[in-house]
Amino acid sequence: MRQEIDTLMEYIQKCKSMVVITGAGISTKAGIPDFRSQNGIYRQGGVNETLFHIEAFREDPATFYKTFAPLYTSILNAQPTYTHHFLKRLEELGRLKTIITQNIDGLHHKAGSKNVIEIHGHLRQWDCLECRASYDTSEEIEKHVQKGEIPRCVACGGVLKPHVVFFGEYVMGLEKAMQAVQTADLLVVLGSSLVVYPVAGLPGYREEESHFVIINREPTPLDEEAEIVIHEDMDEVLKHLGFL
Ligand code: CNA
C-alpha cells in the first residue's frame, strides 16, 4: 500500500482541482451503518431497497418511519470521522474544490466543509406531501422520527417526508456535480460501492488525463478504471498522508 499512498500524496500536492465523491462508507466509523457492507442495513432483517422507494413511502409512511427510527437516531448522535475532518482540511488548504456526497447524514457540514453537493438530499428539512410546505428540523420532528412515528405538517396534518432522495426520485444538483467532475484533475471516491446511479456514472464524465482513485473496503465495478485502488479502511489510509 505504501506505493499507492506515495502516489496519492503526489497527486494531491500537484492537483489544482480535486473532487471527492463520498458514500456511506465514510460514516460507518461514526456509527452509521452503510447499506451494502457485511454489517450494512440491507443485512439487517427485513430492510431492503424497497423501503427507500418513493412509492412505498407514499403508500405506507408508517412502516418507513418505524424502520428508519434507529438509523435516524444514529445519524443524530454521529460526529464527523477522521476522513470528514481530513476533507475539510484539504478544502481549507485550497486543494479540494468540491465534495459530492451520496450521504444524507450531514456530517460534511458538521465537519465544516463548505462546497458540498448533497446529491441525495439531507435531513435538515422536511416537506409536506399534501400542501408542499417545508420545515427546518425541529425538536418536535426529531422526537417523532426517533420514536418511529410519522411527523406531520402543522398547517394541514399531511405526512412530512425528509428532504432526501428516495429511489424513483430525481437526485439534487446532478448538473453541478457533473461539471465538477468534468473540471477535476484528481477524482477520489471514498466509501461507495458505486452501484447506485446516477452517482456511479459520475466518474465517466472525468477528463482522460485526470487521475482517478478509489478507496473502498470492498471491490467496486469501477476498480479497473482507476489508477489507484485501495481496499482498506479509509481513515487508516488517509492518516498516512498527514494533513491533519
Ligand atoms: P453502500 O452501497 O452501502 O456502500 C458503502 C461502501 O463503503 C461499501 O462498499 C463498503 O465496503 C465501504 N466501506 C464501509 N466502511 C468503510 C470504511 N471505513 N473505509 C472504506 N470503505 C468502507 O453505500 P453507497 O454510498 O455507495 O450507496 C449509496 C446509498 C447509500 C445512498 O443512497 C445513501 O444515501 C445511502 N446511505 C447513506 C448513509 C449515510 O448518509 N451515512 C447511510 C446508509 C446508506
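Glycine too: its Cβ is placed from the backbone N, Cα and C atoms.
Keep in mind that TrEMBL annotations are predicted by a computer and have not been checked by a curator.
For HIS120, the entry in TrEMBL reads active site, proton acceptor. For CYS128, CYS131, CYS153, CYS156, the entry in TrEMBL reads Zn(2+) binding site. Residues annotated as domain 'Deacetylase sirtuin-type' in TrEMBL: 1-244.
Here the features listed in TrEMBL are painted onto the structure.
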residue : record                       : Cβ contacts under 8 Å, 6 or more apart
HIS120  : active site, proton acceptor : THR101, GLN102, ASN103, ILE104, VAL164, VAL165, VAL171, MET172
CYS128  : Zn(2+) binding site          : SER134, TYR135, CYS153, ALA155, CYS156, GLY158, VAL159, LEU160, LYS161
CYS131  : Zn(2+) binding site          : CYS153, ALA155, CYS156, GLY158
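The Cβ of CYS153 (Zn(2+) binding site) has 19 neighbouring Cβ atoms from other residues within 10 Å, across all protein chains displayed.
In the shown protein chains, 12 other C-beta atoms lie within 10 A of the C-beta of CYS156 (Zn(2+) binding site). Summary of the Zn(2+) site environment: with the site residues CYS128, CYS131, CYS153, CYS156 set aside, the chain residues having Cβ atoms within 8 Å of the Cβ mean position are LEU129, GLU130, ARG132, ALA133, VAL154, ALA155, GLY157, GLY158, LEU160. Proximity of the recorded positions HIS120, CYS128, CYS131, CYS153, CYS156 to ligand 1, judged by a Cβ distance under 6 angstroms to any of its atoms, singles out HIS120 in sequence order. In the three-state DSSP classification, HIS120 (active site, proton acceptor) falls within coil.
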